[in-house]
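Here is what TrEMBL records for this protein:
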TRANSMEM  36-58  transmembrane segment
TRANSMEM  89-112  transmembrane segment
TRANSMEM  132-152  transmembrane segment
TRANSMEM  164-185  transmembrane segment
TRANSMEM  191-215  transmembrane segment
TRANSMEM  236-264  transmembrane segment
TRANSMEM  284-304  transmembrane segment
TRANSMEM  316-337  transmembrane segment
TRANSMEM  357-375  transmembrane segment
TRANSMEM  387-405  transmembrane segment
TRANSMEM  417-438  transmembrane segment
Amino acid sequence: MSDLTKGKELPAILKLALPIMGTSFVQMAYNMTDIAWLGRLGSDSVAAVGAAGFLVWLGNSLMMTTKIGAEVGIAQSIGRSDMGMARRVAGAATTLALVFASVYALFSLFFAPNLIGFFGFSETGVAEQAILYLRIVSGGMVFAYLNQTFSGVFNGKGDGRTPFYVNTLGLVVNMALDPLLIFGYGPFPAMGVAGAAMATVLSQFIVAVVFAVLLKGKKTPLGKPQLFGKLEKVTVKPIVSVGFPVAAQMALFSVIAMVVTRLVSGWGALPVAVQSVGAQIEAISWMTASGFATALGTFTGQNFGSKKLGRIKRGYFGTLLLMTVVGLLPTLLFVFFGKEVFSLFIPEKEPIELGGIYLRILAVSQIFMIWEITTSGLFNGVGKSNIPSYVGIVFTALRIPAAIYLSDVLDWGVEGIWWAITFSSILKGVILVAWAFARLLPELNAKHDEVLAKEQPMVV
């Protein structure tokens, strides 16, 4: 178990962030692998998976309740040296994950045609493929939920390596199965979009089994926690209070993204495919930031629990500066090599040209998006996940009227929709960082002074 309450702040965060970031990239690579292979079938297949992907994303938002709740609850319990509570939080989180996954899976299975129908595809084949993909992935949703929650359990105690290794195993399995099930080989029939979905579900199942074995083994991070613990008020309340605002933000974000995609579909399936691929490429930025946000949240949680508030401030400053520098890399990549990067996924001239435009527009907001995500880790760690959720929900919702105004009123076309996304990301990053500096950090400074005053011996 990593003790993040001692030693230099930034190296401790960096050591934890790298494997967590690696895990994020592994999870991103699941989708990128599917799209890279499906791009060989044509932009219609990519558009289908992209549309279904938004609904999977909506479902995945629920699991952020248990993932973030487990990370923060376990980290703060460890900071207080209460390992018994840490084990109870871990068990409750996995049980909640199972419940949430079952509910959303049943919902998606029964209402897949209605959900896909929202996008209004005029191409019948696109809608049919999207429904098929959504139903198969929903059938294995429980494994995805459990895997994220298991990762949160390990992250909360400062072990980011185990989730990275286990999820990498799943990625390798997915990469091996994708071409076999999509195009067919030997005894494997060609299944197209259905094959991509089955490859994802099978790989996630294997990951869930490995996680379960590790958590039930003798050398576990929290002693030997019950795999599916009791749902008690003392454990469920803190998990939900911290995790639900993040989940709500992510859920509304995905709903808004679906509305924006519905607007994009007015220009046909091609822009939808371009946006789907572009979002996966852009994930280079937000997955990197998410890794550091999780590490910063765990670091903050442990130090908040042990009342070492000065370390929280120094850790945040160092992380924010580092991530600003890191944010320059995707910015430059998207501006100067956007088309070259996009060509790796859909080797067709028209999508490549439009994809280059998409990435250049989104390049403007990369640093600000990274600021927002990184700073959310600070708020999550002290149990104030509602603040970044409020900021995220309000300004992400503004994308819809902004997209309509820029695309229709100003007649910028589909590019106006993408500029609306960029403008909102800039606002979210600036406002959340300003909130941290103007409100949260001064509050921590005041509490830090109170702690020091109590620790000072009385002079007679």
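Note: Cβ is positioned from N, Cα and C throughout, glycine not excepted.
Packing against the transmembrane segment (387-405) from elsewhere in the chain are residues 245-246, 248-249, 252-253, 256, 259-260, 263, 372, 375-376, 379-380, 416-417, 420-421, 423-424, 427-428, 431-432, 435, 440: each is 6 or more residues past its ends and has a CB under 8 Å from a CB in it. Tertiary neighbourhood of the transmembrane segment (164-185): same-chain residues 19-20, 22-23, 26-27, 29-30, 33-34, 37-38, 40-41, 147, 150-151, 191-196, 198-200, 202-204, 206-207, 210-211, 214, selected by CB-CB distance under 8 Å and a gap of 6+ residues from either end. Away from its own ends, the transmembrane segment (417-438) comes close to residues 260, 263-264, 275, 316, 320, 357-358, 361-362, 364-365, 367-372, 375-376, 378-379, 387-388, 391-392, 395-396, 398-399, 402-403, 405-407 of its chain (Cβ-Cβ under 8 Å, at least six residues beyond either end).
Taking every recorded stretch in 132-152, 236-264, 316-337 and counting its Cβ pairs under 8 Å to the transmembrane segment (191-215), the highest total belongs to 132-152. Pairs of Cβ atoms less than 8 Å apart link the transmembrane segment (132-152) most often to 36-58, out of 36-58, 316-337, 357-375. Residues 274-275, 278, 281-282, 285-286, 288-290, 292-293, 296, 316, 319-320, 323-324, 326-328, 330-332, 334-335, 338, 341-342, 388, 391-392, 415, 418-419, 421-423, 425-430, 432-433, 436 of the same chain lie 6+ residues outside the transmembrane segment (357-375) yet bring a C-beta within less than 8 angstroms of a C-beta in it.
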